[in-house]
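Some features that Swiss-Prot has for this protein:
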SITE      17  site 'Transition state stabilizer'
SITE      24  site 'Transition state stabilizer'
SITE      158  site 'Positions MEP for the nucleophilic attack'
SITE      214  site 'Positions MEP for the nucleophilic attack'
């Protein structure tokens with residue numbers, strides 16, 4: 001593949017569930033911040049030549065990172081919601097007919113072979129593609145009971161259920177238009193693919209590794225550190 005690709009990384013969130021003294025993307029594991037590892041993994045794909053990072057306007061951490069001086073990095077002001085930050089990143093891309101990958105700032109363990117398969121699948125598709133992992137556990141649908149505890153309503157058939165991962169890859173204009181339309185109509189948009197789904201597109205599912213975890217809870221840090229150490233040995 002000779003086409004150059006851009007990635008957008010929304011990194012304006014505060015990560016309150018981590019209960020840390022700083023946003024989770026700036027926590028250190030395996031010698032670097034999570035954000036630095038995430039960007040390193042994206043640049044492991046030779047076609048990804050630019051990464052746009054959307055950060056909070058009051059972010060006091062990014063400027064001290066080596067990333068701040070990397071010519072391949074573009075920084076834009078993020079917004080209150082993920083979609084706002086993604087929009088800001090998309091606005092910095094001049095060619096709306098090109099492809100863009102959107103990747104979570106706190107997902108530092110994505111592997112090169114997953115990136116390669118995602119890019120190949122997206123370019124073959126009219127509706128883009130996402131990395132995803134099949135659901136393996138038994139899934140329960142719950143409801144809140146009078147005592148405040150959660151009760152089981154039913155067991156959900158896990159056939160054809162997938163965990164949506166990132167990166168997610170789409171044409172820039174297609175993603176922009178889908179996000180705008182879905183949000184204007186009040187649709188619940190939890191990831192980029194959900195905006196395209198709302199607009200009638202069928203993005204492709206590309207089976208990815210389950211160790212491409214998103215650091216969300218404190219216990220995720222040790223696991224992400226272990227996975228990164230394995231990556232560094234390869």
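Using the three backbone atoms N, Cα and C, a Cβ is placed for every residue, glycine included.
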Open item on the list: Taking 10 A as the limit, how many CB atoms besides its own sit near the CB of residue 24 (site 'Transition state stabilizer')?
Closed with: 26
Task: Helix, strand or coil at residue 158 (site 'Positions MEP for the nucleophilic attack') [DSSP, three-state] - done: coil
Task: DSSP-derived structure type at residue 214 (site 'Positions MEP for the nucleophilic attack'), helix or strand or else coil - done: coil
Open item on the list: For residue 24 (site 'Transition state stabilizer'), which of the three DSSP-derived states applies: helix, strand, or coil?
Closed with: helix
